[in-house]
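Summarising the annotation, TrEMBL assigns ADP binding site to Thr14, Arg18, Thr263, Gly305, Gly404, Asn408. Sequence annotations record features per position, and here TrEMBL assigns ATP binding site to Thr14, Thr15, Ser16, Thr263, Gly305, Gln309, Gly404. The sn-glycerol 3-phosphate binding site annotation in TrEMBL covers Thr14, Arg84, Glu85, Tyr134, Asp241. Positions annotated as glycerol binding site by TrEMBL: Arg84, Glu85, Tyr134, Asp241, Gln242. For 7-248, the entry in TrEMBL reads domain 'Carbohydrate kinase FGGY N-terminal'. Feature annotation from TrEMBL assigns domain 'Carbohydrate kinase FGGY C-terminal' to 258-443.
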Amino acid sequence: MDGDKFILSLDEGTTSARAIVFDRESNVVGMGQYEFPQHYPRPGWVEHNPEEIWNAQFRAIKTALERAKVEPGQIAAIGVTNQRETTIVWDRSGKPLYNAIVWQCRRTAEMVEEIKREHGDVIKEKTGLVPDAYFSASKLKWLLDNVPGLRERAERGEVLFGTVDTFLIYRLTGEHVTDYSNASRTMLFNIKKLDWDDELLEIFDIPAEVLPEVRESSEVYGYTKRELLGAEIPVSGDAGDQQAALFGQAAFEAGMVKATYGTGNFILANTGKTVRYSDNLLTTIAWGLKGKVTYALEGSVFITGAAVQWLRDGIRIIESAPETEELARKLESNEGVYFVPAFVGLGAPYWDQFARGLIIGITRGTGREHLARATLEAIAYLTRDVIEEMERLVGIKELRVDGGATANDFLMEFQADILGKRVIRPVVKETTALGAAYLAGLAVDYWDGMEEIKDLWRAERIFEPKMDRETRERLYRGWKEAVKRALGWAKIAEA
Ligand SMILES: Nc1ncnc2c1ncn2[C@@H]1O[C@H](COP(=O)(O)OP(=O)(O)O)[C@@H](O)[C@H]1O
Ligand SMILES: O=P(O)(O)OC[C@H](O)CO
């Protein structure tokens, strides 16, 4: 292929939209990133304005191209990856009909509790998901039931639904599509039959007219409208951000595991062609590629890096996230202080919508450094909770890590210690964007195949576990006790 061509990856996350230009060796050639506002109309509700997402994303594209000194005509393909589950409805002109309901939003928690009682088993069997307000189905039902006139318009075929990938691809190309990995997070998609499921559509009362077409994660969906960038570029990669990160880590074989440390932590284990079920983990589609679907087990931890943000912006005991490392290293141990950051309930493996945060073990000598250390340790414990559960089903040798908080060496060392496993940090930290770039590039033969991609992956640093087993287990027992005390708290407090 042409030597001076590049791949543009759009990584639309929960708090910011990024665009990255990659070259054939998977180097970052240019990047743009813009935050967009978070809207909290009521306690526990989280929304984004789709126009604000689009504007941030489009500006990021422009900035990335400028910084890379690359013309749109030099882009061989575009890949899209996104915060998952977040639900948008728009009309055929591309105009949003309500704010996006974000994956973190809890407005449908009660609705889901009710649906779960009657249909929990069938939902788990067909979608691989644990019924929770986290997924798109209840959010879409809420919109159809609460936005005046929306259901009638939807039944007339005037309304399009999608996760953020679908919205962006619609704006870029005019095509109404999603990929298997994103569809598998809606709670409306049958992950074995690989199709939207009539029974689930009935349970959630969703008219099929609103649904996008589901495609593989690596194929040409359409071409960018000329008026946007002055070129018609193939959009040919689409995957949910966590699945894209698994791909970007070149975790192509069954048993390979990655953890992404961002706002939350998302731990995914490739299970190959096998659909594996676990009571407390999600079964999800990793990607659809060249006629084959790869599955994964996932543990979604809702709040990890967000707890570090809370130290900074909430109780303001630090000025920047990296400061937590310096503070944590001032102590030899947590001295019995634990922090369970269950701000929005707990996800995997506890799935308790009513858990709330707690800090326990405080004495007169407790200071900032204890809180900083307890926050970082909590991230590692929450990750171990998921890995323990995964190990019942798949053998795990080591953990590949990525995401903003992996810059914290104390956290990485403690993670290796508390897992008793190697933790491997790759050279390219932008694994999510890279995964989407790979998917896009493979579809247009920019890269030859998975073998070439595997060879591009490089470890930057390996963290070996150093803690003795007894200490590790003693500390972890303390964590489990702290979690027990956080469970169901919202209900207790209400009563
Ligand atoms: N050095 C650090 N130590 C601990 N946490 C960090 C550090 N740097 C960033 N973080 C946390 O990582 C998160 C940002 O990571 P990022 O991958 O950009 O997340 P997202 O894509 O979810 O917005 C923030 O929540 C931030 O608090
Ligand atoms: O925006 P991120 O990177 O925190 O990812 C969010 C997840 O996709 C939610 O499922």
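Even glycines carry a Cβ here, placed using N, Cα and C.
A Cα-Cα distance of 13 Å separates Tyr134 (sn-glycerol 3-phosphate binding site) from Thr14 (ADP binding site). This prediction places the mean pLDDT of the domain 'Carbohydrate kinase FGGY N-terminal' (7-248) at 96. Ranking the binding-site residues Glu85, Asp241, Thr263 by the distance of their Cα atoms from the Cα of Thr15 (ATP binding site) places Thr263 first. Apart from Arg84, Glu85, Tyr134, Asp241, Gln242, the residues listed for glycerol, the same chain places the Cβ atoms of Gln83, Thr86, Trp103, Arg185, Gly240, Phe266, Ser300 within 8 Å of the centroid of those Cβ atoms. Gln242 (glycerol binding site) falls within a helix when secondary structure is assigned with DSSP. In this structure, the CA atom of Arg18 (ADP binding site) is 19 Å away from the CA atom of Gln309 (ATP binding site). Taking the binding-site residues Arg18, Arg84 in turn and counting surrounding C-beta atoms within 10 angstroms, the largest count is reached at Arg84.
Sequence-distant neighbours of Gln242 (glycerol binding site): residues of the same chain at least 6 apart with a C-beta under 8 Å from its C-beta are Arg84, Thr260, Phe266, Leu268, Glu298, Ser300, Thr432. Only Thr15, Thr263, in sequence order, out of the binding-site residues Thr15, Gln242, Thr263 have a CB under 6 Å from ligand 1. In the three-state DSSP reading, Gln309 (ATP binding site) counts as helix. Candidate binding-site residues: Gly305, Gly404. Fewest other C-beta atoms within 10 angstroms, Gly404. Between Asp241 (sn-glycerol 3-phosphate binding site) and Gly305 (ADP binding site), the C-alpha separation comes to 16 Å.
Per-site Cβ counts within 10 Å over the binding-site residues Thr14, Ser16, Gln309 peak at Thr14. Note on Thr15 (ATP binding site): other Cβ atoms within 10 Å of its Cβ, all shown chains, come to 16. For the binding-site residues Thr263, Asn408, the largest tally of other C-beta atoms within 10 A is found at Thr263.
The local packing around Asp241 (sn-glycerol 3-phosphate binding site), expressed as other Cβ atoms within 10 Å of its Cβ over all shown chains, amounts to 28.
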